[in-house]
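Per TrEMBL, the features are as follows:
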- 1-26: signal peptide (SIGNAL)
- 162-503: domain 'Peptidase A1' (DOMAIN)
- Asp180: active site (ACT_SITE)
- 278-297: region 'Disordered' (REGION)
- Asp379: active site (ACT_SITE)
Amino acid sequence: MTSSVASLSFFCLLVLLLPAPHGASSHASYKQGSRQIFSRTSGRSSGNSQQASSVSTATTCSSLATGLGNNKVPVVHRQSPCSQLHGLPSLTAADVLRRDATLIWRRFSSQSSLVAALAPSPAVAALGPSPAATVLAPSPAATIIPANGSSDPRTLPGALDYSVLVNYGTPEQQFPVFLDTSSVGASMLRCKPCASGSNDCDPAFDTSQSSTFANVLCGSPDCPTNCSGGSFCPLDGIYSVINGTFAEDVLALAPSTAINNFKFVCLNVSKPDDQPVAGTLDLSRDRNSLPSQLSSSGQAPAAAFSYCLPKSPSSQGFLSLGVNATVKDDNVTAHAPLVSNGDPELASMYFIDLVGMCLGDEDLPIPVGTFGSNGTNLDVGTTFTMLAPDAYTALSNSFQKQMSQYNFSSPGIGGFDTCFNFTDLNDLVIPNVQFKFSNGDILEIHADQMLYYDDTDAAPFTMACLAFSSLDAGDSFSAVIGSYTLATTEVVYNVAGGEVGFIPWSC
């Protein structure tokens with residue numbers, strides 16, 4: 001075991017005070033070894049635990065911005081009170097699980113998360129994106145874009161729910177766009193003139209009003225599509241469900257971060273959209289992604305960025321671009337090697353070398369080769385983590401065995417099948433999930449990230465399910481780690497260094 005892992009193991013043995021879930025029930029929570037212990041409290045506790053303070057739910061947009069520094073701008077989740085979608089019908093866990101499965105199947109069969117996100121599909125069409133808020137103040141070192149999200153099971157995050165406010169064109173036109181790590185290879189934006197010939201296809205970027213807008217032509221070095229002549233460069237035919245052409249203009253994330261001649265895809269749209277988010281911000285490994293274009297412009301290290309997705313509408317998260325997006329070398333940060341999936345069509349996605357899992361003190365009996373050489377996908381647009389059937393079965397069986405003293409609930413809830421009823425308990429011990437990487441580092445996932453609660457106001461003393469799901473047998477990939485599992489963890493993508501860092505409790 002490396003010294004890094006030894007230090008991490010020592011850190012895990014410390015008793016750490018953890019906040020109660022947003023909502024929140026009155027309880028104390030502390031970590032002991034690889035387990036998390038919860039106790040109901042009626043007052044201040046003693047010893048190695050103390051009563052966790054409740055996190056209040058934000059009810060105004062101004063409360064979200066409280067405490068933000070000059071280098072940060074609020075980004076709202078679809079369930080934030082600042083979101084134009086706030087108050088729309090919420091999604092159930094079953095909706096999200098079906099959506100995740102559809103998204104993953106389409107992505108790995110057609111190499112396009114945008115096909116899944118934008119094509120007509122009941123599970124996807126039900127999702128609502130989240131508009132963003134104010135503009136970032138100048139920062140010479142990096143761009144920090146905070147985000148706000150929700151893990152409330154009554155308002156679960158959906159595909160590509162985390163968004164940021166960006167400005168396109170000269171003069172600037174402002175739009176909220178999704179954050180996406182598994183894009184078609186470019187940021188995307190709804191554009192005018194409308195395909196129908198009308199001007200009623202908002203939200204959309206009015207290209208005629210920007211003095212710096214230009215179409216990318218076939219035959220140009222900036223056209224990634226194999227086409228000829230002087231026509232506009234189309235999005236590759238593999239994504240035929242999306243009708244768009246490549247273009248370039250000024251993209252401004254903040255006064256301190258602007259890219260001239262930013263390449264993106266102008267989506268051809270014919271009618272208004274009832275969703276106020278106008279497109280996506282590509283954070284993938286593609287040459288036309290935001291990190292890559294920032295690097296080419298000399299404003300950031302090679303494809304370096306990080307994000308932290310929060311658990312609550314009242315808490316802050318962030319997207320960081322630039323020198324601040326670096327992997328720390330300390331006893332808290334886990335590091336995972338970036339690897340190639342081996343499929344050139346998936347080269348723009350992020351894969352890490354997951355080799356095993358633990359639950360509590362037990363090394364899960366996952367058959368050798370289950371995770372294979374194709375890597376584990378990291379995706380901000382997938383909510384729940386999905387594992388190869390052998391890995392999920394081992395996790396579920398071990399969790400049931402280690403939790404056998406509690407009341408198992410069958411059938412489960414929300415599409416989950418490994419559930420327990422903790423409603424009438426005063427004390428609870430939960431073994432934490434650990435991901436093991438090929439370099440020996442370990443990433444520990446705590447109870448709030450690994451359990452789905454039926455009632456977050458009462459959590460954890462409510463119905464709770466293991467918030468993982470199984471991939472279909474025969475799938476060509478081994479795991480997809482979703483946003484629910486990594487909430488509150490800063491995920492640092494150091495492409496030049498060939499690794500991803502995970503910094504817990506960062507937002």
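Residue 1 is the first one shown; counting continues down the chain.
Each residue, glycine too, has its Cβ placed from N, Cα and C.
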Number of other Cβ atoms within 10 Å of the Cβ of Asp180 (active site) across all protein chains: 27
Cα-Cα distance linking Asp379 (active site) and Asp180 (active site), given in Å to the nearest integer: 8
Counts by DSSP class (helix H/G/I, strand E/B, coil) across the region 'Disordered' (278-297): 7 helix, 4 strand, 9 coil
Integer mean pLDDT for the domain 'Peptidase A1' (162-503): 86
Asp379 (active site) CB neighbourhood, other CB atoms within 10 A: 25
